[in-house]
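Peer 1: Here's the feature list from TrEMBL:
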type	residues	note
TRANSMEM	26-48	transmembrane segment
DOMAIN	41-292	domain 'G-protein coupled receptors family 1 profile'
TRANSMEM	60-82	transmembrane segment
TRANSMEM	94-120	transmembrane segment
TRANSMEM	140-163	transmembrane segment
TRANSMEM	211-229	transmembrane segment
TRANSMEM	241-259	transmembrane segment
TRANSMEM	271-291	transmembrane segment
Amino acid sequence: MGLFNVTHPASFLLTGIPGLESSHSWLAGPLCLMYAVALGGNTVILQAVRVEASLHEPMYYFLSMLSFSDVAMSMATLPTVLRTFCVDARNIAFDACLIQMFLIHSFSMMESGILLAMSFDRYVAICDPLRHATVLTNQVIAGMGLAVTSRSFITLFPLPFLIKRLPICRSNVLSHSYCLHPDMMKLACADITINSIYGLFVLVSTFVMDLFFIFISYVLILHSVLAIASRDERLKALNTCVSHILAVLAFYVPMIGVSTVHRFGKHVPRYIHVLMSNIYLFVPPVLNPLIYSAKTKEIRRAIVRMFHRIKI
């Protein structure tokens with residue numbers, strides 16, 4: 001019996017990729033490699049920002065927050081994904097599934113908020129460079145990080161209880177190798193209107209609004225850059241935004257793809273739904289450290305110096 005006196009299964013069964021069950025052991029290798037890149041790359045960036053005094057600036061503090069959220073997201077999905085693909089251990093306890101669901105959605109929202117904070121940093125740095133250091137002080141940056149974290153956990157705190165109140169008796173088989181709110185609520189044999197409305201409210205009030213304000217910030221940045229007389233200075237200003245733009249695309253393009261397939265792709269094969277969700281959760285943590293390492297020379301130099309000291 002559940003918290004709201006309804007019937008819940010003792011556990012759920014996770015699913016890898018439908019139709020490719022026989023290839024799960026082969027897919028385990030690439031998945032392990034992706035997790036190694038995500039965890040290793042983001043940990044290196046976190047350490048580089050911590051030990052390199054030259055990176056103690058707002059842009060890199062926000063980057064360290066992004067790396068932390070990527071590490072946390074990878075750690076939230078890693079246990080069930082590797083158990084499903086490596087050893088075909090598909091069971092997950094009901095309460096453990098609720099916790100994983102909450103963590104995955106929270107860290108995803110946290111990443112969205114951090115990308116918005118990073119766009120504000122780029123806006124101030126380009127549009128009002130003389131006040132950049134006074135506007136984005138360490139206290140302000142810490143406050144923004146706390147606000148992003150608090151928003152994620154407070155907004156999503158009701159989700160586990162919204163699932164707990166539903167009787168789940170249709171099936172206990174989930175569509176992914178991890179737990180998500182839309183996937184879990186579809187197994188309920190009761191009205192899920194409240195869950196659907198709250199899920200849509202969260203999506204619009206956080207992710208959509210974050211993307212909207214990121215777009216507005218870049219409209220203002222572009223307007224400011226076009227007012228610069230020198231072509232070289234314009235390119236130099238825009239070049240400081242390239243890494244952030246790529247990170248935004250790596251995060252929001254898969255999210256929009258997942259939302260589109262979920263809303264309108266009723267007749268799309270099931271493995272496409274699963275593949276899109278996997279891309280959304282797995283790709284940004286892998287790409288972000290590669291993007292910032294490749295496109296930001298200060299990060300590259302700091303990493304080289306850090307490993308050189310270790311070698312010595």
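Note: Cβ is positioned from N, Cα and C throughout, glycine not excepted.
Whatever TrEMBL says is automated annotation, not expert-curated.
What you are looking at is a predicted structure, and each value in this text was computed from that prediction instead of being measured.
Just tell me what is around each of these and how deep it sits.
Peer 2: Listed as Cβ neighbours of the transmembrane segment (26-48) (distance under 8 Å, sequence separation of 6 or more from its ends, same chain) are residues 16-17, 20, 55, 63-64, 67-68, 70-71, 74-75, 78, 81-82, 85-86, 282, 285-286, 288-290, 292-293, 299, 302-303, 306.
Confidence annotation: the domain 'G-protein coupled receptors family 1 profile' (41-292) carries a mean pLDDT of 92 in the model.
Remote same-chain partners of the transmembrane segment (60-82), defined as residues 6 or more beyond its termini with a Cβ less than 8 Å from a stretch Cβ, comprise 14, 28, 31-32, 35, 38-39, 42-43, 45-46, 49-50, 92, 100, 103-104, 107-108, 110-111, 114-115, 117-118, 121, 138, 141, 145, 148, 177-179, 247, 281-282, 284-285, 288-289, 292, 298-299.
With a threshold of 8 Å between CB atoms, the same-chain residues lying at least 6 positions outside the transmembrane segment (140-163) that come near it are 3, 58, 61-62, 65, 98-99, 101-102, 105-107, 109-110, 113-114, 117, 120, 181, 184-185, 194-195, 198, 202, 205-206.
Residues of the same chain lying 6 or more positions beyond the ends of the transmembrane segment (211-229) and with a Cβ under 8 Å from any Cβ of it are 112, 115-116, 119-120, 122-123, 126-127, 237-238, 241, 245, 248, 252.
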Peer 1: What else in the chain is close to the transmembrane segment (271-291), if you only count residues 6 or more beyond its ends and a Cβ gap under 8 Å?
Peer 2: 15, 17-20, 31, 34, 37-38, 41-42, 44-45, 66-67, 70-71, 73-74, 77, 104, 108, 111, 175-176, 178, 180, 243, 246-247, 250-251, 254-255, 257-258, 261-262, 265
